[in-house]
Amino acid sequence: MGLSSLRRKQAKTFNVAVVTMDADLEFSCEVSSKCFVFINLLSVVYKLYKVLDHDMPKEEPIVFHFLAKFYPENAEEELVQDITQHLFFLQVKKSILEEEIYCPPEASVLLASYAVHAKYGDYDPNVHKPGFLSQEELLPKRVINLYQMTAEMWEERITVCYAEHRGRTRDEAEMEYLKIAQDLEMYGINYFSIRNKKGTSLLLGVDALGLHIYDPSNKLTPKISFPWNEIRNISYSDKEFAIKPLDKRADVFKFNSSKLRVNKLILQLCIGNHDLFIRRRRIDSLEVQQMKMQAREEKARKQMERQRLEREKQLREEAERARDKLERRLIQLQDEAHMANEALLRSEETADLLAEKAQIAEEEAKLLAQKAAEAEQEMQRIKVTIRTEEEKRLMEQKMLEAEMLALKMAEESERRANEADQLKQDLQEARESERKAKNKLLELTSKSPVPLSANALPPDGPNFNFSMENLSFDFKDTDMKRLSMEIEKEKVEYMEKSKHLQEQLNELKTEIESLKLKERETPLDILHNENTEKGTSKQSNFKKVG
């Protein structure tokens, strides 16, 4: 018992760091003990098995990178769970940025725009202002070096594409990224250095579709391919591999690999990829069917939730627009009320002034009439008191002057009377204007804008207060059938979408072609351009695969 305890105390421990594309885990482990780390990826459990002393590197912590070993043929069909898709997206993105997978410049820009959407969501010019991508690694260095373009020019080009993805979720952006990436020539291929029977150096490529033999200088276009459905047997003895086609008349292809560990890895990849190739073409197991059903239900639920949020957003925007319109109308009414109030004040001042002028005119008219009467009385008095010719002549002159003065005063009295009448009419009109201004002001002040609230939605809008039971019931009875039909429709439309994608890539290529520095093209750039001119693609290389 004591010896066992002593041995446990003396057992050597080491630090381990487990790195995935999304998180890190560090722990301690004893040599010769079994350290199990479970990662559920693509519904496969990966483990760290017994670690032996002689396998131990000297540096600590010992780092294990967990990556997908087998690539899917069709990411959209096979990556069922969101977390699986996300981790695989990060792995493929890293491989493209580190140039483990060749990506042409135009596709690099489009992929970068989807990567930005996956991180930032919908483009918003008020939030995503120039410079918001300055710290992001979005393009392979080879692509940046190939063009006379500044970081600002690249950002502008990426942002233009990014803005077109509006309405997609982050998961959908990741999937669009993978759908483009899976058509790249080097996607999902593991390369190994081999020699044929003549000793010629070649590259063996193993992927989800089959085995491919490459010239070492050209990893894009295989010299020959062996689809999994045309391979009868793969075997190796010591360092020699043999690929036996189904067609017994075809030659057996043999090659050598110098390292035993590499040979084992090649065989594992062949067995695993062949097995997945066959499984993909069989009816899914009940477990996989259930997973896919749950994924479709979750996708449909998210779609309905997104539609609900979009509808709420639309209604909220409409309510905000209505509120802004009412606020503008309120300001307009307030301005009109202010102007009416000022007009009322001016009318009141005008009425008071006109009333004062009318009173003065009446008083002046009375005074003139009084003076005219006094002049008439004076004339009569003079007529009675005339005695001599001289007096008569002077009296006649005074009478003439008095008559003229009386006539003038009568005219002035009439003018003043007319002026008084006009002033009375103006006063009446001013008071009528005042009355109208008061009524207008009362009308404006009695109006109030329609109150807005968070619930100010149109009465014919949808009611989202469903119970979860009803939502689930309706969805299972009706929406799943519709969703299944849409998925089938998507399969039929795949070729048309590929055509649209190619047109989009050609447009991007044309836009930046004039800024390319031809002398900086890499051998892979040149090979890719040659394949494009010949119409050669990854799909055309694998057209035999069913």
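Yeah, the Cβs are placed from backbone N, Cα and C, and that goes for glycine too.
Per TrEMBL, the features are:
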- 484-521: coiled coil (COILED)
- 523-536: compositional bias 'Basic and acidic residues' (COMPBIAS)
- 537-546: compositional bias 'Polar residues' (COMPBIAS)
- 1-281: domain 'FERM' (DOMAIN)
- 412-435: region 'Disordered' (REGION)
- 523-546: region 'Disordered' (REGION)
Per-residue pLDDT averaged over the domain 'FERM' (1-281), given as an integer: 82
Same-chain residues at least 6 beyond the ends of the compositional bias 'Basic and acidic residues' (523-536) whose Cβ lies under 8 Å from its Cβ atoms: 102, 104, 142, 146, 185, 217-221
Helix, strand and coil residues within the compositional bias 'Basic and acidic residues' (523-536) as assigned by DSSP: 12 helix, 0 strand, 2 coil
